[in-house]
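These notes are about the structure you will find just below.
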Amino acid sequence: ADNLSDALKKLKITTTDSTADSLEGCLDCLLQALAQNNTETSEKIQKSGVLQVFASLLMPQSSCTAKVANIIAEVARNEFMRNPCVDAGLIPPLVQLLNCKDQEVLLQTGRALGNICYDSHEGRNAVDHAGGAHIVVDHIRSLCNKTDPASEKLLTVFCGMLMNYSNENDTLQSQLINMGVIPTLVKLLGIHCQNAALTEMCLVAFGNLAELESSKEQFAYTNIAEELVKLFKKQIEHDKKEMIFEVLAPLAENDVIKLQLVEAGLVECLLEIVQKTVDSDKEDDVAELKTASDLMVLLLLGDESMQKLFEGGKGSVFQRVLSWIPSNSHQLQLAGALAIANFARNDGNCIHMVDNGIVQKLMDLLDRHVEDGNVTVQHAALSALRNLAIPVVNKAKMLSAGVAEAVLKFLRSEMPPVQFKLLGTLRMLIDAQAEAAEQLGKNAKLVERLVEWCEAKDHAGVMGESNRLLSALIRHSKSKDVIRTIVQSGGIKHLVTMATSEHVIMQNEALVALALIAALELATAEKDLENAQLVQILHRLLSDDRSAPEIKYNSMVLICALIGSEPLQKEVQSMAFLEVVSKLRSHENKTVAQQASLTEQRLAVES
């Protein structure tokens with residue numbers, strides 16, 4: 001301790017009077033003290049005011065420079081020392097030292113700057129201000145091809161410095177991307193793949209940069225996919241695999257890179273991991289299984305990568321994914337169902353899968369989760385069934401396979417994501433399927449639940465889908481029984497509200513359903529239509545210049561149907577509809593204009 005105090009005093013007196021030897025001795029003493037107790041020694045250095053002295057010792061030509069930079073690097077390992085280093089004016093002279101040729105000076109300077117930047121906003125700003133990043137990127141470029149130990153050590157320190165400099169800072173990350181650091185780092189990864197420390201630094205730097213959209217475009221022009229997959233295949237340790245996964249996940253959000261990863265053989269690696277870890281309950285294996293299967297699903301979100309793996313339904317990857325669905329692992333069931341939902345993104349794939357028995361597998365999976373209630377698996381299986389039900393030729397096949405009944409088992413679910421997918425699946429299934437729409441529409445339990453969900457104000461998606469399904473039951477069945485069931489359950493007011501939706505498609509579906517109600521069961525629905533103020537709403541829709549042509553057309557069709565009811569006809573007469581309708585006779589849309597003439601005649605006769 002006495003030695004340390006002496007050394008600090010000597011350094012303080014003035015650096016100019018000291019001979020190089022006595023200066024070296026003082027610096028060695030500081031380094032020794034830091035090695036024994038870094039925190040305590042750093043506190044003493046800060047209190048002594050020596051930091052300001054260091055700024056003047058950082059001379060390119062001085063023999064002590066590397067030691068001074070080393071002391072700064074050691075001191076800056078402590079969070080409380082980073083701002084004092086900036087305040088002592090150490091950053092500009094350190095950045096200047098990056099221009100020197102001495103490898104030891106460069107190494108210690110890189111460490112010092114990297115440590116000062118670690119988790120320090122002030123440190124990063126000061127390095128940015130002094131232009132440090134540019135010089136470091138240039139060094140990395142010029143050292144990139146050198147594989148001698150000293151160069152690799154320097155590259156590792158410089159990559160670490162850039163990583164600390166840009167971590168969680170979008171502006172500085174963008175700056176590095178604009179400097180073109182990505183292709184250089186990818187090249188580095190390829191050349192130095194045998195060097196674990198350097199590889200690790202590159203991966204963490206990629207992880208930092210890959211979150212930004214602009215970086216993905218740059219990555220897509222490099223062979224990053226190939227390099228990462230090559231590296232991945234060599235890894236045995238869980239932590240190393242995890243590091244690569246952390247870079248792969250954000251990169252795989254880009255469709256071009258998705259395809260590159262598939263072509264580089266990532267899928268085979270992932271399937272191998274799944275096979276190795278599926279029956280293990282070790283924490284690391286469970287985590288690896290989840291990451292691998294999630295990444296697999298992500299790769300299938302790209303149209304090209306998905307089609308490449310589907311291979312007309314004959315692909316080994318597609319077959320392996322199918323085998324996940326009956327698995328006992330919830331994680332694999334989930335990934336399998338999500339993968340099927342992703343494969344089911346075009347009609348050809350959907351038709352092929354339904355013809356090859358995928359529906360039964362998904363229904364069996366749902367059955368296993370009626371009681372168990374794993375929400376994510378329920379949601380995924382319903383998503384897959386919904387997508388499969390989109391092509392017209394699949395609807396009847398799926399209905400006769402009992403999909404509607406399987407889906408209805410989840411009516412009692414209290415989970416909005418499950419409710420949302422359940423509604424969407426039923427809506428897809430009954431599209432243009434009159435018999436199925438009638439059967440479901442007469443199911444009082446279903447209709448009551450729909451009416452309840454039409455009021456789910458906290459869940460706009462569920463509310464919207466419930467309204468659309470109510471309307472679809474009427475539109476596709478055109479059945480009086482269905483209308484009566486909906487009237488009895490109090491569904492009419494929701495269809496009227498739906499006619500005021502901000503989505504034209506929903507407004508239109510509501511108006512068509514209401515027109516069918518008025519045509520087929522006006523007497524039954526009369527009271528509810530009156531209470532829901534349908535006539536006023538139609539007046540508003542027809543008067544509003546922003547209403548779409550089909551909304552105006554269907555509103556007039558509905559008015560003509562409503563005047564078959566005495567109380568509703570009175571309302572129509574009291575609201576000067578003739579005036580609004582006669583204006584629409586000159587509407588630019590011919591169908592609207594024709595319907596306006598017909599409606600005007602009907603209204604004139606009735607009045």
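Every residue number used here counts from 1 along the chain in the order it is shown.
Cβ coordinates are placed from backbone N, Cα and C, and glycine is handled just like the others.
With a threshold of 8 Å between CB atoms, the same-chain residues lying at least 6 positions outside the repeat 'ARM' (89-131) that come near it are 51-52, 54-55, 58, 60, 65-67, 69-70, 72-73, 76-77, 79, 82-83, 139, 150, 153-154, 157-158, 160-161, 163-167, 169, 172, 175. The repeat 'ARM' annotation in TrEMBL covers 89-131 (among others).
Residues or ranges marked as repeat 'ARM' in TrEMBL: 357-389 (among others). Proximity of distant same-chain residues to the repeat 'ARM' (357-389), defined by a Cβ-Cβ separation under 8 Å and at least 6 residues beyond the stretch ends, is recorded for 322, 325-326, 330, 333-334, 336-338, 340-341, 344-345, 350, 395, 397-398, 401-403, 406-407, 409-410, 413, 415, 417-418, 421-422, 424-425, 428-429.
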Counts of helix, strand and coil residues, the repeat 'ARM' (89-131), according to DSSP: 31 helix, 0 strand, 12 coil
Average pLDDT across the repeat 'ARM' (89-131), rounded to a whole number: 94
